[in-house]
Amino acid sequence: MDARVFQSYSARAEGMKNPIAKELLALMEEKQSNLSVAVDLTKKSEILELVDKIGPYVCVIKTHIDVVEDFDQDMVEKLVALGKKHRFLIFEDRKFADIGNTVKLQYASGVYKIASWAHITNCHTVPGEGIIQGLKEVGLPLGRGLLLLAEMSSKGSLATGSYTEKTLEWFEKHTDFCFGFIAGRRFPNLQSDYITMSPGIGLDVKGDGLGQQYRTPEEVIVNCGSDIIIVGRGVYGAGRNPVVEAKRYREAGWKAYQQRLSQH
């Protein structure tokens, strides 16, 4: 495995070109958290209430802003304020997938104005390298960062093989704006260091019947070299106490990171 993953997050921060990557790695070390929670709720009040509860235990809050039924600018302002209060970054999981000029408008404009408040967003690379360039023209001057979807955790995903290889190639050309990947593992042989965020993490279940396949924090961080675990329903699903579960996943993720460091 790439020797850089056996360095601490704070040591790796120094080698990152993107300012959000530097901030994120330093924040993770400071909070002792490599947990990102995917807040896929549809009501503004429920989202803000949950984020305020779990904010102290996460490094990143991941949103799907287009599923919020009562979205408004006040929600954005309150979410940003909670990020400052609890010291986490906001990742809008937009998965852009259009040509460069269109994604520029989707990122900067429209109802959501994503670039104005989300530190991090992501994209598919199906349209070609132009999608990265388009998003970069908006996000780089604002000090934002982009994750590329090199793989997906759902069963039967087509994001494999040559698709993944081309994505890695384009990443290397844009490390001022791109700082990592949404993927289930760390990729070998990349010249630049980067952050890997892995979805599909669960401590209690192995799947959801809709194609989602779950793995443990230890599997993805120790065995696969990932850096951040993304957990959703495992934290706030029916019958769960979000604070208790956020603490549990944070501890499991951090323990796995410490185990990885001890191997070198």
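Yeah, the Cβs are placed from backbone N, Cα and C, and that goes for glycine too.
Residues or ranges marked as substrate binding site in Swiss-Prot: D40, 62-64, 93-102, Y214, R233. Over all protein chains present, the Cβ of K95 (substrate binding site) has 14 other Cβ atoms lying within 10 Å. The secondary structure of K95 (substrate binding site), as reduced to three states from DSSP, is extended strand.
Positions annotated as active site, proton donor by Swiss-Prot: K95.
Just so you know, the Cβ of D40 (substrate binding site) picks up 15 other Cβ atoms within 10 Å once every protein chain is counted. N101 (substrate binding site) falls within a helical segment according to DSSP. All protein chains considered, the CB of T63 (substrate binding site) has 26 other CB atoms within 10 Å.
DSSP assigns T63 (substrate binding site) to a strand.
DSSP gives Y214 (substrate binding site) a coil state; it is part of no helix or strand.
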